[in-house]
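Student: Relevant sequence annotations retrieved from TrEMBL are reproduced here:
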- C:24-434: domain 'Ammonium transporter AmtB-like' (DOMAIN)
- C:12-32: transmembrane segment (TRANSMEM)
- C:58-80: transmembrane segment (TRANSMEM)
- C:86-106: transmembrane segment (TRANSMEM)
- C:118-139: transmembrane segment (TRANSMEM)
- C:145-166: transmembrane segment (TRANSMEM)
- C:178-196: transmembrane segment (TRANSMEM)
- C:216-235: transmembrane segment (TRANSMEM)
- C:247-267: transmembrane segment (TRANSMEM)
- C:300-320: transmembrane segment (TRANSMEM)
- C:341-359: transmembrane segment (TRANSMEM)
- C:405-429: transmembrane segment (TRANSMEM)
Amino acid sequence: MSASTSLKLRLPTFVLVLEVVMIALYGIFVTYDDNSNAKLQNNETDPMENSMYRDYPYFADIQVMIFLGFGCLLAFFRFYGFSGMVFNFLTATFAIQWAILIQGYFQFYSDGKIHLGVINLINAEFACAVVLISFGAVLGKTSPVQLLVMALLEIPIFAVTEWAVLKYLRINDAGGSILIHLFACYFGLGVTFVLYRPRLNKGHPKETTSYNSDILSVMGTLFLWVFWPSFNSALTFKGDDQHRAVLHTFLGLSSSTITAFALSAMFNKRGKITMADIQNVTLAGGVTVGASVDMMISPVAAYALGIMGCAACFFGYKYLTPFLAQRLRIQDQCGIHNLHGLTGLISSTAGICAILMATEDTYGPSMYQIFSHRAPPEGDPKLLELQKLIPGLKPGLGRTAQEQALFQVAAVFATIAAAAAGGLLTGLVMKLPFMASPSDENCFDDELFFNVPSDFDALSDYKITTLIAITLPYLPQ
Amino acid sequence: MSASTSLKLRLPTFVLVLEVVMIALYGIFVTYDDNSNAKLQNNETDPMENSMYRDYPYFADIQVMIFLGFGCLLAFFRFYGFSGMVFNFLTATFAIQWAILIQGYFQFYSDGKIHLGVINLINAEFACAVVLISFGAVLGKTSPVQLLVMALLEIPIFAVTEWAVLKYLRINDAGGSILIHLFACYFGLGVTFVLYRPRLNKGHPKETTSYNSDILSVMGTLFLWVFWPSFNSALTFKGDDQHRAVLHTFLGLSSSTITAFALSAMFNKRGKITMADIQNVTLAGGVTVGASVDMMISPVAAYALGIMGCAACFFGYKYLTPFLAQRLRIQDQCGIHNLHGLTGLISSTAGICAILMATEDTYGPSMYQIFSHRAPPEGDPKLLELQKLIPGLKPGLGRTAQEQALFQVAAVFATIAAAAAGGLLTGLVMKLPFMASPSDENCFDDELFFNVPSDFDALSDYKITTLIAITLPYLPQ
Amino acid sequence: MSASTSLKLRLPTFVLVLEVVMIALYGIFVTYDDNSNAKLQNNETDPMENSMYRDYPYFADIQVMIFLGFGCLLAFFRFYGFSGMVFNFLTATFAIQWAILIQGYFQFYSDGKIHLGVINLINAEFACAVVLISFGAVLGKTSPVQLLVMALLEIPIFAVTEWAVLKYLRINDAGGSILIHLFACYFGLGVTFVLYRPRLNKGHPKETTSYNSDILSVMGTLFLWVFWPSFNSALTFKGDDQHRAVLHTFLGLSSSTITAFALSAMFNKRGKITMADIQNVTLAGGVTVGASVDMMISPVAAYALGIMGCAACFFGYKYLTPFLAQRLRIQDQCGIHNLHGLTGLISSTAGICAILMATEDTYGPSMYQIFSHRAPPEGDPKLLELQKLIPGLKPGLGRTAQEQALFQVAAVFATIAAAAAGGLLTGLVMKLPFMASPSDENCFDDELFFNVPSDFDALSDYKITTLIAITLPYLPQ
């Protein structure tokens, strides 16, 4: 049994083959974009106008979220801290370099080349966030080879879905509630449905936290919390739109945080606070404001959305997660359906309401910039008029608010369907033999895939408790 | 006894009532400011000139300081790490959303509305820092309900003091040495004076650190250290003023850090370094340069201020804190009087000296920009002359350096008086029953308010030491 | 013996003497630069054009790398976490304030003054990084006094080398592969050669990690990883050059990370992952892309460089480090020769190739900006022509690609020679008595220089293992 989880051949083979593929594809297809290509600079180029100065600060913040935020958050298990943090590192790194290629093909491809700038990296980190969220559903029960396979398959399925939704349905989703959170959630649920482990429904002795791992995980939460406004605003229009995205995200997180404390204490038997709620439920507001994050929803709406998202997320953990595991064979290890699914649905609904209520009265002419598909089409005289007020306005599709709302609804269903189907398929591939999948006994255990230091298991509760029980009679007091 | 500290009803009630109030007030009063309102953008708006791009980077840095810096720093107790980090999270979040309203009313209110932009968030995070500093005085001895009550009362008292001092006394205090550090310190001392616990003067068995908690706390120090230049420069004038604020803060922290190491080793019995000094005293320089941080004090003065602040802080911890606790009933748990009070006083004095020594010779005409109250008043012909040199110069009060210095002195005393009175009052409210205040025995103990993991207390020193003592005779060696 | 390592007199004396020197030198020599001097601002100054807004974001990122990145990374020993993190803090702080003076004299000196702005701080933090890398060679075996002496001597030797190479050899080295990484590496090896401790070649019982220290160290790796693009791009030309530096650094780190995982599992006996590889080898790509980081090497080249650097670094740890220790008396504690030396050599070679292959075809006229020494000299008619295309182009030396390549080679050898000689000399000074150097037994032990909390040593493996062995027969199961 232990031989079958050795990474000695599997992991290097997989990685090195992929690297050869990457080198070939990067060599053939990837070149610099207009802002990173020396040849395209001339005497009219102002270096400080380079797109890098608009994008890099957000990229840097998202880097912290991906590698330190997710990394620490996923290290919450007592005997699975190495795996949580380090598999996150591996999976994220691979997912980003892979997404640069795949997304690049769909979004940054012209003249036979993928054109690379920091903006591609931001997009790729969003795709990577999708993979890491899905990872949450199967944390502790998968090998690094399985995680790489998951990233390998999820990135293209995500990229195609994103491309299709943006090209054909044309939706508003600045914070990615639909395309990032809903997709990631239902993909992850699809995977975990296939990887169902009935024996783990009764719990696993190593499925526990320690004092230090709980603190580490809260640090991860705080990294995510602190930089979430950058995440939600990275791809909005510059100017007032991005400004609002920051404000709404902050307010949503803020109200969701204090609500999480209140609910945690209220539904605890002894009126105490549960660390898992602080680690997860506090963040619900960041997702819930996502779909309408750049709209004129008013500050109080962001505040209220934070509370709603938090409540849905909290009760999801309490009632829905056990139900899914026991009745529907969906073991959602980190409860991504609560933090990303339920909140994503609320966010999508809120986005639709915001679209239906948007008027020129509230937005002024820039309404046609934010809701770009509502702008008049090419040739419409109203377009010329608007372009006098907003010089760079692009022609749109002339949609009404109701039409746009319907397309948003379609996007929600299409995304969920594509994600779930993709997740099921990916789960089947991950279940193939030779994937070094851990046995039920070895789940949640760093020792399976890591050389662990000598203090790793020396202090397990059982041993210590027994030691104390035995020696207690001899104690002077 | 244990029933009386249950959060089951108290915390949710308090939070949910506040949320209803918040929703009402945000709904009625809070709207977007000129830079975040879509309607106010037109064909002459350059999105990249949005105030967000000037403010957001400082906001993001201060976010890290508030949530990760303070959070880790306050987690230094061995059995109180959850509480230190997580109560900081709760208190900070609530303080900011509350400060947006209260400060907003005093500073960003017009046409019956509070106008919201990232700049308000920065101001609110400063108000939040005030609460968190005061929190340091009572760390380990307060329930989350008490902390929320403290934030609820401290924010308005602070906002009124800030408003009155800035409006009527009109002082220079870019780094907030007077309004942030002195206020926070004397408010906190007022609170802890009322909450005096005589039995804790002899120490408490859980008032101790662990190897991991000490390291975590140093990480908090480093987060604060690294981003302190952003804190001190966030609200200065843009350009050379902000540039100097960064330089001075860095130099002050730098000299204060190496001084802290020297003093720590020198006054240790066995010539070793004490972690508590590294965690706290190293930061003294950041406060000490505060009041004059944007002035032309010269780099060497910032360096010297760092050393002075560090020395005052160090000897404060050594001699003043025990004195305050035993003679004046002021139990200052984290020694905020050393890190914020003494340094704040030195900083205020240095600021006054810098004001008295400021001449046009050193500053050029921009002296009237930095010391804006010394600018000639409306109608003065010198104003017109100066406005040719500095286009945006606003009319001032025509104060002399001496007059400005006197107002600074007045501000110091007024701030301390308001803070101390406010702290005493707030302490009285916090002492009311139903606040879930921990008993003396249960101080410094996460178990009171948290579900703790099984390894929380398993390894307490006493148990392990006894185990070893008992089994030692049997050891082969 | 224990008396001789007391810091009671040594550390304070050393620090306080240095502070007096610093105050004298800062007072006499350091003033503000054009961007931080109030007097030099006038009615044509646009505050938002202040150099601070171009430099500060990179400075802030590098701050995190220096204090949190290196600090956590160096805290990987189980019983040496305080020392790793805190001596890093002390050494870095001192090195920066010292480098501001020394480098300032060579690079920012005019009219008898060192002119200070944020740009000097960035340069000083690079000098500081040099010291911290060298520190890695002697981690665990040096007192804080020795570390300060090392910084005191290394900074001037580095500053002179840097100045001489940049002034006389005039090289391209945007990411500092030659001047930072190679210098730091061979300086550190020189120091550790002199400080050779034969008895430690057999290992030391405290040379071990713990579960928490391993996680902490990975966090340090992640801080470095996440912000490395800022490090490598901080001093490039603004615009497309800096943009490419970010992209290449990210790609290099990315491929090096997945390669590190593959090699770690492949060469592990049981096919498991070794944390030390994740902590160190993943970062190799950041160094390897350094010398050509701003050139038009193409994205795939950055990707390939990451793989090469990672492989060299990995096999260096496996084969070269033991060889150096046992045969050449070079005990390289953290393996800096692998992470900075071998990768630096690969990077220098890659830089030379990139120089030889650079053509106007690829770069356009801006080739003469990136390779500034290839620009035509003053008076050359081609210069005027080019200046029409690139307005700010400065006259160069009219070097050919081959000439530039030869100067790069010369710089590599000169830097290594100066570093090794300087390191040997510094090692001799550090070996003097009165440096509080720890005895062999006391290496890797926080207790020597710190007051440690009571849980520090209570749980050492030996004690716990024996306890368990003894009580095991009595266990019910």
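Every residue gets a Cβ built from N, Cα and C, even glycine.
Just so you know, TrEMBL annotations never went through curation; they're auto-generated.
Tell me what's around each of these sites.
Tutor: The average pLDDT for the domain 'Ammonium transporter AmtB-like' (C:24-434) in the predicted structure is 96.
With a threshold of 8 Å between CB atoms, the same-chain residues lying at least 6 positions outside the transmembrane segment (C:118-139) that come near it are 33, 51-52, 55-56, 58-59, 62-63, 65-66, 70, 74, 77, 80, 84, 87-88, 91-92, 95-97, 99-100, 102-104, 107-108, 146-147, 150-151, 154-155, 158-159, 162, 176, 180-181, 183-185, 187-189, 191-192, 195, 231, 234-235, 331-336, 340, 423.
Within the same chain, residues 55, 57-59, 61-62, 64-65, 68-76, 81, 122-123, 126, 129, 174-176, 209, 242, 245-246, 248-250, 253, 257, 275, 278-280, 282-283, 286, 289-290, 293-294 sit at least 6 positions outside the transmembrane segment (C:216-235) and bring their C-beta atoms closer than 8 Å to a C-beta of that stretch.
Tertiary neighbourhood of the transmembrane segment (C:300-320): same-chain residues 247-249, 251-257, 259-260, 263-264, 267, 276-277, 280-282, 284-285, 287-289, 292, 335, 337-339, 341-343, 346-347, 350, 354, selected by CB-CB distance under 8 Å and a gap of 6+ residues from either end.
Listed by sequence, the residues of this chain that lie at least six past the ends of the transmembrane segment (C:405-429) yet keep a Cβ under 8 A from its Cβ atoms are 134, 149-150, 153-154, 157-158, 160-161, 164-165, 169-173, 178-179, 182-195, 291, 345, 348, 351-352, 355-356, 373, 399.
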Student: So what's near the transmembrane segment (C:178-196) in sequence-distant terms, Cβ-Cβ under 8 Å and 6+ beyond its ends?
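Tutor: 126, 129-138, 141-142, 150, 154, 157-158, 161-162, 165-166, 171, 287, 290-291, 324, 328-333, 336-337, 340-341, 343-345, 347-348, 351, 408, 411-412, 415-416, 418-428, 430-431, 437.
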